[in-house]
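Annotation source Swiss-Prot lists domain 'GRAS' at 137-520. Summarising the annotation, Swiss-Prot assigns region 'Leucine repeat I (LRI)' to 144-212 and lists sequence analysis as the type of evidence. The region 'VHIID' annotation in Swiss-Prot covers 231-301, and the record cites sequence analysis as its basis. What Swiss-Prot records for 311-343 is region 'Leucine repeat II (LRII)'. Feature annotation from Swiss-Prot assigns region 'PFYRE' to 352-443. The region 'SAW' annotation in Swiss-Prot covers 446-520. Under the heading motif 'VHIID', Swiss-Prot lists 262-266, citing sequence analysis as support.
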Amino acid sequence: MSPALYASTFKCEVDENPSLMGSYYASLYPNLPILENSATSTWILNPFSDHETETIRDHKKLKRSTVTIPIWFANFSSHSNSFFNNINSNNNSVNSIPRLHFRDHIRTYKQRYFASEAVEEAAEDNFNYNNCEAEEDGSCADGMRLVQLLIACAEAVACRDKSHASVLLSELKSNALVFGSSFQRVASCFVQGLTERLTLIQPIGNNSAGSDTKSMMNIMDAASEEMEEAFKLVYENCPHIQFGHFVANSIILEAFEGESFLHVVDLGMSLGLPHGHQWRGLIQSLADRSSHRVRRLRITAIGLCIARIQVIGEELSIYAKNLGIHLEFSIVEKNLENLKPKDIKVNEKEVLVVNSILQLHCVVKESRGALNAVLQMIHGLSPKVLVMAEQDSGHNGPFFLGRFMESLHYYSAIFDSLDAMLPKYDTKRAKMEQFYFAEEIKNIVSCEGPLRMERHEKVDQWRRRMSRAGFQGSPIKMVVQAKQWLVKNNVCDGYTVVEEKGCLVLGWKSKPIVAVSCWKC
């Protein structure tokens, strides 16, 4: 990773105009109250406004209601007093504080974020902290301390305070255990990311080094053997990718109904996942159809790992032949930014669909241009449908600290789900966490510029991007089938499926994890 990139990044963060920064942070939570030690009031979440701008992404708006606060929430206020002692209880506006410096804005952002996160957790019915035993109270306190250390360290890193960040990292490393609680484990991954980011911080004026970038479509293109093994385990044990495959195939089968010549363009070939699981399922479903015979199925794989994709193609060809399906498999060795319509051979008789599983977010850059060009190129192919699955979280915000805390919330939910699925000392879980999810986290936390590929965004943001490229959303009406799929595949209790504005969203205890959407030209 280029030190120059970090010099530029941190210069932008530190040199922001304070008054503008104050306006930005105040706009994040315009109605956010002070946490009170009250037993009769709390705060509940409202849906996101459709009128939020792109720069200010997916932040929570709050409104007041009269309910009972759990005991642990009152304890949170006392344990976290240090995070809120700088807030004036008579005035919540950041702009009213005169001449704030950058660190003051960081601190205010942190305070407001913790307030919203605390009340969101307080509103969840899944946790009954009123019945916590003494030892559980102790673990809650330890977890709270770990959260405080993580955010304080992220603040120090954002402010280029290397000495303070190093002290905090030393304490974090002794408390964030790979085989500890779910939050200790996810904290260990964020500690790795913060450590890497800290080592890349250079003086603001140092622009001597350039970035040594390698052409990649996603982080799996440069995966180690350990990461590839971990990715297979993620596919087998977590429902995230399988859910995307199931919903996508259901949409594709509907688009292929009554057609004889079929063509699928797969962007990224499911990150190079071995054996082509998604297309085996599609081929089997097409072979099982008795109403209409498929005369030809074409699959065009877009990717850079040619050897890996060729193996998948050979296996799929044999599989399809055994089921009586004529399959033509081809590869386009390009990344999505360089892909042109002429690279994909489309026959007039064919029904074309485009499939993207956890791929398009890798094309999102600081500017809109790269992704918009890719989407317009796809639109020019006139596919019957474009189906995409993406992580449903805002990890591409303009400020490091906000991005850090959004990803901390998201991956905490994933690690909590792993906690429910696998035993504490299970080596498979450790491999998934430390060799796959940790790599995603480190990419979000430590990388900038073209090396930051895990730029996950919320459904609303994708809706705006797709609309600008000329696509129209096609609602997915299969919540019942998706829930039946969860039961059929023995997916761990705690996973939820909801329809949200035409998309199908898989979540963990209502926290969105993956969203699948369908688009037409």
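Just so it is clear, glycine is given a Cβ too, placed from its N, Cα and C backbone atoms.
Most Cβ pairs under 8 A with the region 'VHIID' (231-301) among the ranges 144-212, 311-343, 352-443, 446-520 are made by 352-443. Using a Cβ-Cβ cut-off under 8 Å and counting only residues 6 or more beyond its ends in the same chain, the region 'Leucine repeat II (LRII)' (311-343) has close neighbours at 215-217, 267-269, 272, 274-276, 279-280, 283-284, 286-287, 294-304, 359-360, 362-363, 370, 373-374, 377, 380-381. Here the region 'PFYRE' (352-443) is broken down by DSSP into helix, strand and coil counts: 55 helix, 14 strand, 23 coil.
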